[in-house]
Every structure is written in structure tokens, then in C-alpha cells.
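Have a look at the structure below, then the notes.
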Amino acid sequence: MKALLDLFKQVSQDEQFDAIKIGLASPEKIRSWSYGEVRKPETINYRTFKPERDGLFCAKIFGPIKDYECLCGKYKRLKHRGVICEKCGVEVTVAKVRRERMGHIELASPVAHIWFLKSLPSRLGMVLDMTLRDIERVLYFEAWCVIEPGMTPLKRGQIMSDDDFLAKTEEYGDDFRALMGAEAVRELLRTIDIDREVETLRGELKATSSEAKIKKISKRLKVLEGFQKSGIKPDWMVMEVLPVLPPDLRPLVPLDGGRFATSDLNDLYRRVINRNNRLKRLLELKAPEIILRNEKRMLQEAVDSLLDNGRRGKAMTGANKRQLKSLADMIKGKSGRFRQNLLGKRVDYSGRSVIVVGPQLKLHQCGLPKLMALELFKPFIFNRLEMMGLATTIKAAKKLVESQEPVVWDILEEVIREHPVMLNRAPTLHRLGIQAFEPVLIEGKAIQLHPLVCAAFNADFDGDQMAVHVPLSLEAQLEARTLMLASNNVLFPANGEPSIVPSQDIVLGLYYTTRERINGRGEGIFFADVAEVQRAYDNGEVELQTRITVRLKEHERDEQGEWQPVIRRHETTVGRALLSEILPRGLPFTVLNKALKKKEISRLINQSFRRCGLRDTVIFADKLMQSGFRLATRGGISIAMEDMLIPAAKEVILAEAGREVKEIDKQYSSGLVTSQERYNNVVDIWGKAGDKVGKAMMEQLATEPVVNRHGENVRQESFNSIYMMADSGARGSAAQIRQLAGMRGLMAKPDGSIIETPITANFREGLNVLQYFISTHGARKGLADTALKTANSGYLTRRLVDVTQDLVITEVDCGTSHGYSMKALVEGGEVIEPLRDRILGRVAAVDIVNPDTQETEITAGTLLDEDLVDLIDRVGVDEVKVRTPLTCETRHGLCAHCYGRDLGRGSHVNVGEAVGVIAAQSIGEPGTQLTMRTFHIGGAASRSALASAVETKSNGTVGFASTMRYVTNAKGERVAISRSGELAIYDDNGRERERHKIPYGATVLVGDGDAVKAGTRLATWDPLTRPIVSEYGGAVRFENIEEGVTVAKQVDEVTGLSTLVVITPKTRGGKVVMRPQIKLVNDNGEDVRIAGTDHAVNISFPVGALITVRDGQQVAVGEVLARIPQESQKTRDITGGLPRVAELFEARSPKDAGMLAEVTGTVSFGKDTKGKQRLVITDLEGISHEFLIPKEKQVLVHDGQVVNKGEMIVDGPADPHDILRLQGIEKLATYIVDEVQDVYRLQGVKINDKHIEVIVRQMLRRVNITDPGDADFIPGEQVERSELLNENDRVIAEDKRPAQYDNVLLGITKASLSTDSFISAASFQETTRVLTEAAIMGKRDDLRGLKENVIVGRLIPAGTGLAYHLARKDKEALEAAEREAARQQANPFEEMPVAADIEVDVSLPFEGETPAE
């Protein structure tokens, strides 16, 4: 029977394809798809339920309703296959064809396609060079359009109203031709000469110089060239034939009760057909023009609604007043075709259940409930039952399984053996959210999960559910086992730290075991080996924490690399000695000989992984877990009220704080401080008091008094349960303990401001009603924040994945020697991230040379692993140039050397690894841990931030950076006059140890090359004011400084001294008052000039400056001329957390961005305009560049100052686009990486830099053509970098001029939408716009990325899929070569083709042959 069925199966050929092209369909093409014209709007007969003939469900056009059965029932059964019934006209075939056969409607009047009309920018408008408004008037029959002017002075494409048309007709008769409606538009499109238009436009482009015009022309040129290249005729944008979707894709389903549920499309099609038929009839009847016009307009509207309902005018609604879902709505949005069905599918062979903990499991196992396994593995069980002869048919087997015969369970055990299943916990934020395990059958209905993988899944056992999936094919099982098994994924791909780190009970147990206790039972006993310790412990002679001495066996490698046992004596504790049993060999006992806190255990597992390999580490982690659980149980640690010790000093501290607050209140009431200052001070006092109570409490908790062996009183670390839990990292933190036993402290109001009365009680004492009420707000806000955060974080991840999804490692080495120099990250003199952490796992770009001996220590192209990084540290290299994804020269994808180590595997990255997606997941996954709020810096918060001096942290020599400029004043002090001055401290080897920024006007207390001790002051400054320092000496001459006009006199009430303050000038009668400034005059009465130029020194003062010199006063170099109070700086909102990360990746320009100098040159000020000041920079060639700066901005430079290109000249946050333009890609990358890292570092999240670099590479993947040279581009066009480089290679090979370009920084959303793959862009956002554009350009999608391939249903070109695609392409090339060779043999006299082609192809490996490495 089966063989018989196979005979009748139609041969469905698997189409192999390499690209998908999208275009416009010509009317002929649409007719060729069609199986017949739909003439009637009827659907099915309401009595017989049979489809009406020529209707929307017609069986003649679309195929039979039942398999192999015509409609009237004359032909049934397979034997009539392919017969067309003469009675009802239906072909006898499978009913499945109703899903693929299309019909068509011949439109009585042409109709413009709404996408090309209304999708902005309007493509029709661009081609015709008319405004959208005009085209709409023509299309919807409100105006006439001249098609052929003939001999008249009218222009082609001119728009005329009805009255105009009548007037012109009277004037010229029928010398000209004008039409209205889609016919007019179609005629215009048909008669357009694209080649000529392109020529003219190219000519205009060369001739014009106005920016706006160039932009406009190049846009139009691009569209026209698209038509030219793709061979699509513009008049196809107007349809004469409308295709009809196959009926099974717009089904009509009978509901019970004789009603029908139908797809909205049927309604929309019915309207089109009705109006079209009416129009046909009117045309036959030769109805008056005005009626026809109305009918044509209605037809146009009906077709518009079918294609994209609601795009123009009011949306068509059904009977129940809801908008009908049109064809465009079917594909776009979250529930559209792309995101609902193509990118996310539901899968068979899956189940979900609650998870419980399975501490007895090994790391690679999970507990699967028997009933679930029975259901999931049904087909395998059926197969097995048949093979064993226990069941003859599937049906019988089904019966056996359903009755749950004992034999079935045995078979289930067999089937499940070595068959991994995949577990997934939603939300799957990174690749560790799905892992494979070997199932172990268990009773019950809950899945058991190994405790160590919880961190990776972010799972807990408070009711979480997980889904199980079964990989079916052998290949799938193999991949699940080798790539996804939990024991093969022990490192986080985000940062290379172990992911199987014990937590909570396990940590507590291990910590409790490895602590020491002074004077424990049996202290100081010597033991021969661990077994003896175990006996003594079992007999109660010693406690776990007793200090003892014991002989332990360790394993070390000898010269031959064999393991040799070594016995050493260690002073340790009983617990540690017993734990030493589980150490893998290769780790010395010293790693265990300390109290194991969570960080220590993580480091221990990391060390084990690097030294002993994966297998031993997994076994070790499992044993650690078992011991931890056992010991925590044995330890019997619990919490009691008594453990929360309230510090005795609490009352004293609170009383003291209360007194200080009263004092401040008194000052306020006598008017000495303002209310704002009083509030700030009060908040400050209570904040400090809270910290003091917390400190006192921790001191009391952390230690306890004991008597040691010699009878002395000593303090030891406490065994208080709460303290142990926090200290070990098992649960809780100092801040939480402070609320339990200290005081709760200050609370925030709903608007974010701090309530000035703190909660002085703690949870042990209990809160009163008011205190409880105050604290409710904060608790609720936390919950609301979390919900918002999750959604935002998910959206950020989606955008990141979308922009990087096509980035895959495609080759081993691109051969570049470019890279970025890495140094240790230093901020405020402290090393935040040492050099070793930054270069670990990267590849050296150039040889690394020992600074002392000048010998090459590490050659270029070496992967820097732990040992090499240690070597670099030892040798004393402080700057290493490493390869980075940003400088990789691979065209599509990345090379393995530029990426470096695969952090999730700990080895060199493999070709085919989807590093883009991994980067996106690594950045998006911790997103939910980031905060959502915007911080207001001001008041109490900023006071702590005011520094007024820098000190060295280490001994060394001072070195001034090249940017550091200073003058020496009369007292011999050095005064800094550079904006970006830096000062470094070098150690004896000349390595930079620390680096400090020195602000403008600071007094530098050390000289270049001075030796300093740690703690030396380097520079001091006044934190509250910013000085203006004179760089030259002379007598002061005031200009434009008039009291009451530009300055005001302020008298200090306390001291009686008066100062001049610069105010906003009052303009009198339109006379513009110059800005107040001073010139310096030398002894001869001439203006002092700036050294090396003939500019006079003039120093202008900003509004709010306090002038400290008098007119005519002699000033020396380095003297302060004026001070600008810093209080006047407004409180800035600092965007933090998730919004800040999104802002950086979207490359948004900040609201009031700072300005960077466009050129290197000298600053001067021009004439001010209204509300703006004019700043001029004269470059070295003497060309001046002007900038207008709003008055309220703070200018950081003054007259005569020399600035470097890219230096800050106006205060404010930096704009990434400016950084890219003025300082280049490297600076931009550093800026984005550092800023993103700052946000994550604040939350204690570790992410490797290279992930952020990968994203930045994708943001920089487009370039802007400035000069096309001889290449095939348009000026101002944005193209993919790889496309540009390929084109330039081609042009250079022909000895022509390559195109010049600028780098462009795109935000991640923009970058995703501007990708070359239209499928990927359409499935991301703005589907209609993307598809419209792609169709006109006749775009071809080469299916390079992962997303496109998922959508078309192929294996993705990453991992094992990449190998598959490469092999497939090789095979195709080989077959082509063989065909070519065969053709040559058959016809030897034909001209020989170029031999090179064939040679290249034949040198590919043949089947069964492996390519030589």
C-alpha cells in the first residue's frame, strides 16, 4: 500500500536558491500566475455550501474542494488524476492546490498602487517630479493633467482644474491631450524616458552647488536608476490587473448555527469586484462622464483598502464597525506574518511544567516526569514496540502506551538513554537560557533542575515553569549534546566568568566549614592524613573549625608531564582538610586554605577550568555542591531575633544628630542660612548619622570576644548567623542588615526628593504607623519600576540583535595589523580596570616588546591567554596594541583574530560563531538589572562630588602630558592654563601608574620630572569658582565696562567690600553694547600682543563673572583677573541606567551638546548677534571659521587661546557624531565603550569590551559618498561599507579614480533598517516602507544574515549551518565545472572559454575528499 501511495506522490523538488529578488509585477506576469478571472463577488451557495462558479471561491479557477474529486462528483478517485471535468470544469487533483493557485480581476479602469503613492517619500511623485498633493488630485478625479501639449504652450504634466480645462479647450481645441485619474498617471509614466532623465539629472548634479538641490536631485536619481538597473517599467506602479489570493489563504469557515466566519480579505475583494462590474456596465452603457468618474474613484478607493486599509482617507469597516484587515496588515507588526509565523513558530514535541530542585542530579542531567516523557517520546516508543514485535500496527502500539503496560516503561527507559532534551526558561535573554540535559525519569509531575544551572537560567523554585523540547533527528541530538549540554556551557559568554557558581545554601555550607575558630575543641593536634581527621571528627574529638596540622597528598607534574603525588604538611582547619578530598589534581591545597566566600568559590572554579580543563571542573563543581548542601545541613545555621544586635551607640548618635538639626534650625530662623541650605544640611546630617549607626552595628556584629588557648581575651570573626550569611555572599547585604538592626534611614517622596525626617527605627524594634506609611512609597515604586524596566530592556535587546544578526566569524585571519592601543583604565587616579583584564582573550596586533631588554616577548597574532597576560604584567608593558572587531578588514562578517577568544568556551573563536547575536545578548541580558531613573544632580548629592585637590597614590616621577600648559606667577607658583591638561605619575621603569586631570586655573604644586612620594599633593584649586588667569603681564585697561550697563557693583554686607559683577548688557536705543573685556598695556602704552601673532590680548568676561582687578592695575603673569562662581551652573539631569545605554546605541545627539573645535587654531570673538555670541577660530592657514553659541552656554575658551581640533570649546555633553567627524573612529569607539561600561559598572555587571565594539562596528557599517570618482555611486548616497570597498577595488584594478567617503554613525534602529537585506529590515520595523523601496529598486537579498535565512526556512549561515552552506556552494561550483567539461568534450571545436574560470572551480575538493589544511 505504502509503495502505491508513493507512486502518486507528486515529485516535489527541493529548490536550492541563493538569493531572493523582489520587484514589481507586470500585468502579463499577473495574468500568467492566474488560473482564471474572478468575475462575480459571490462566495459559496448558502444552501449547498458549494462554491459559486466564477466567484471568489470558484473550484474551476482555484481547484477542487476535496482531494481527487470534481465538484459535480462525476470524477472521483485517483485514477482520474489530471482530468478536467467537462460538466463543472474542475481539474481532478489534490485540494492543496487551493493554497497556491491564484486568480485575477481585470480592472475596467487602471488603479494606482497605494504603496507607491502614499508610502513616504512618494515614489510616484519622485518619478514624475510632481508633488503628492497634485498626483492625488489627478488620481481621485479632482484635476486634469496634460499628457501631450502638442503645439500649445502648456507643459507636459501640468495640472489644471475643471474650469481651467474648459477654458483651455475653448482656446486650443483638441491640439492638446489631457486626462484625469490613474489613466493620466499611467500615460505619464509610460512616456517617461528614463535613460534621458538620468543623463539630465547627472548633468544637473555636476552643475549645481546648493546642498538642498543636490539632496533632492540625488534622491530622484536614485529611484530612476533603480528602475533603470532593475528593468522594471514605472507604469507597472499603476495596475490594470489585480491578483486574487488563493482561497485557502483567506478561508470561509462555517460556525455552528449556520453562520460563517470569514477573513476580512473576502469582504475587501467583494467590494472591488462589485465596483469593477458596475464600472464595466456603465462603460458599456456609455454613461455620462461624471458618473464614470465617481465610479472610477470608488474603484480606486476599494483597491486602496484591499492593499493597505486606512492608509488614505477613512478606513473601510465591516458590519461591526471595526477596521478590516488588509493585505498590508497581514504582514506587518508583532502579529503579522514576519514576527508571528516566520521568526517565531510553535514546535511539536514540547511540554512545560513547574520546576523543583534536584540536588542529587549530575550537572548534565535533569529530572523528567514519567508521564511527560511518555508523551514526548511517543513516536520513538511506537517504533521500538513494532521493532520488538510487541505491536503489529501503530494503532496497537498506541493502545499499549495508553494503557501504560509495564513493558512500556522499560522501553521508555531504553529510548530515553543518551537522548538529550532541551530545557528553556522564558524569558530567554541569552544563549544559556536554553540548555540540553540528559533526562532521568522521575515520579511526580514537576521537572527537576540541577541547582548549579539556575544562575544561567535565572531560575528559582518559587513556581517558575520551564519548557522541554525534544531534538528528533540524529544531527539535532548530536548538536544538542556537543554544543548545548549543560556541562559544556560553564562560562558566561558575556564576560568569561564561570556560570556554574554555587549560591545561597551551598555557599553558606562551604563558608561555615572553612572558617577558623579560636580555641576550638582539639586545637593544635597533628594528624597523619585526612582519614585520621575524618575519624577524629566523627568521634567528636574535634570541631569543623578547629585549627589543626595535617599531612595532605597533592599531585604535581614532573618533567615528563606525568602526575606525581607529593605529601606536604599544612596548618589548616578540620573542615578544609576534609574538603581537600574533592580537589581535582592540578590545584594545590592553598586554594582551599581560606574561608570560602562566594567570590572565592567563583575564582576557584575559574582556576580549575583554566588549569584542569572542562571535565574535571564539572565534576569538581558537582562535588562542591554536594558538600555544600551536606555541610549547610550539618551546620544547622538559622536566624533568630537575638542575632540582630542593635548597637549600643545608636541612641548617642541619634541624640547628637538631633542636636545638630536643632542648631541648623536656629540658624535658619535667625536668617543665616536659606531654606534650601537648611534642607541640604539636615539631609546631610541624617545621612551621616545613618552611616555611623550602620558602621557601629557592623563592628559589633562582625567580631565577638573569646578566650584563646593561653587564657588571653581576644576578638575573633563572629559566628553570628546573619553576619555569616552576608559575609559569605549567600544572602543579604550590609545595607539590609542595617535596616534590620541599625536604622532604616532616609526615605524618598514620590517626586524623588528626600524626606528630611528619617526613619530612626529598625525592623527589630518595629516601625510606627507614620514610619510605615513613609516607607510604603519606595517599596511600591520599586515594583512599578521593575515592570517598566523589563519591557524596555527587552526592546533594547531586540534592536541590538537586529542590528548585529548578520555578523558571523567568516574567516580565520583578515591579515590586518591595525588595532587599538589598550592601557589600564584610570579614573580620578584609581585603576578601575587593570590592563590584564582589558587585553585578556585578545590577539596582539604587533609584537610585544620587553621595555627593558627590547626583545620581542610575544609575536603579533598570538592570542593572549592568562599565562601570557601574567608575563606582560611581569615584564612591565603598560600599553599593548591589540586587534579589535572595529579594525577588522573582512568584508562580510569578522575574522577570528580580530575577535579573539570565544568567552563562552575559553578558547580561540571558531569560524561560524554568531558573535553579533552573542554581543547583543550579552549587552541586553543584564538590562533588567539597570535602573530606569534619571538622576538630578543638585543639592546634597553634588556636594560630595566637589574635589579641590589631587594627591598621588604611589611613589614615582611626575610627567606632564603634551596637553598641559601653565604659566608661573609672581609667587613662583605654576598656574594651569590648559583646558584638558593631564599629569601622569611614572614608576622607576617609566611605566605610567596613574593619571590625573588638572582643571584650568589650578595651582600645580609639582614640576615636570619631580620625584614624589605617595600622598603628595599635586595640585589644588577652589572648587566653588572658576578663575580667568592672565597669560601675559601688563597694565589693565577696561573696555565696555560701565556700571549699570554691563557690570553692577555688589557690596558684601559682612565685609563691606565691593566687587564688579558682569550682567547682561542693557541695549539703549538699538545701540549694541560690546561685551565687557580688558586689554593689557605695556609700559610704552601699546597693547600687549599674543606671542607669535599680531593679535592684541583681550580677555572678555562672561555674564556672572566677578572682576577682581581695577582699571589701570599692574598685573603679572598668572594673576587671577576674574572669578566665575560655579554655583551659577544649573543642576544637570544625568541620564543613567537603561535609558543612557539606549541613548548611546541610538547615537542620539544630546539636548544641549557641547561643541568641539572643528579646526586647530586661535580663538577670538566676533560681533554678537541677538541671543548668540560669535566665536571665531582662525586656523594655521589664516582661514577663519565661525560658530554661533547661545548666550546661556558656558564657553570654555577665551580670546587668544590656541585650541586643538576636537577639543571642547563649549561646555556640555559630547555628541558622538562630532567625535566621529573630528577625532575619528577610534576615539568614538573608546567614548561609546567607556560610557556604556560606566553604566554597567555602576550596577556591578561585567561585560567584555569586545561585545560593545561589535555593536559599534555595526553602527558604522554605512558610509556617505562625498565624491564618487569613477565608481558607480551618486554623491551624498549612503552605501554599505563592504559594497563600497568592493566597488573601489574594481575601479582601482581598472586604474581609475576610487570613490571618496565619510564615515557615518547610525543608531541601531536606523542601522537595522538601512541594511542591504530587505527581508531583515522588513521584519524589523516599518515593513511597508522597506518593501516599497525594495520593490522599486528590484532589490536582491543575498540571504547573508541569520534572520533572512530563518524567514525563508533554511539553515542559518552560522555554526554547523555555515559549513552546510559552504559545502553546498562548493558542490554547485563543482557540478557547473563538470557540466562545462562535458560540454567541451561533446563539442571540442567551440571556442575555448577563459581557462582560469574552470581551473579555480576544479581545484575545489571533490566529494569524499577532504581539503588539504
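Glycine too: its Cβ is placed from the backbone N, Cα and C atoms.
Over in Swiss-Prot, the protein carries these features:
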BINDING   Cys70, Cys72, Cys85, Cys88  Zn(2+) 1 binding site
BINDING   Asp460, Asp462, Asp464  Mg(2+) binding site
BINDING   Cys814, Cys888, Cys895, Cys898  Zn(2+) 2 binding site
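Within 8 Å of the centroid defined by the CB atoms of Cys70, Cys72, Cys85, Cys88, the record's Zn(2+) 1 site, lie the Cβ atoms of Ala59, Leu71, Gly73, Lys74, Tyr75, Lys87, Gly89, Val90, excluding the listed residues themselves. Less than 8 angstroms from the CB of Cys85 (Zn(2+) 1 binding site) sit Cys70, Leu71, Cys72, Lys74, Tyr75, Glu91, Val92, each of them six or more residues away in the same chain. Sequence-distant neighbours of Asp464 (Mg(2+) binding site) (same chain, six or more apart, CB under 8 Å from its CB) are Val354, Ile355, Arg425, listed in sequence order. Each of the binding-site residues Cys888, Cys895, Cys898 was scored by the other Cβ atoms within 10 Å of its Cβ; the lowest score goes to Cys895. The Mg(2+) site is defined by Asp460, Asp462, Asp464, and by the 8 Å test on Cβ atoms against their centroid, the other residues of the chain that qualify are Ile355, Ala459, Phe461, Gly463. Within 8 Å of the Cβ centroid of the Zn(2+) 2 site, not counting the listed residues Cys814, Cys888, Cys895, Cys898, the chain contributes Glu811, Asp813, Thr816, Arg883, Pro885, Thr887, Glu889, Thr890, Leu894, Ala896, His897, Tyr899. A count of other CB atoms within 10 A of each Cβ picks out Cys70 as the most crowded of the binding-site residues Cys70, Cys72, Cys88, Cys814. Of the binding-site residues Asp460, Asp462, Asp460 has the largest number of other Cβ atoms within 10 Å of its own Cβ.
According to DSSP, Cys895 (Zn(2+) 2 binding site) sits within a strand segment. Following the DSSP three-state reduction, the secondary structure of Asp464 (Mg(2+) binding site) is coil. For Cys888 (Zn(2+) 2 binding site), the nearest of the binding-site residues by C-alpha distance turns out to be Asp460; the candidates were Cys88, Asp460, Asp462. The distance from the Cα of Cys88 (Zn(2+) 1 binding site) to the Cα of Asp462 (Mg(2+) binding site) comes to 64 Å.
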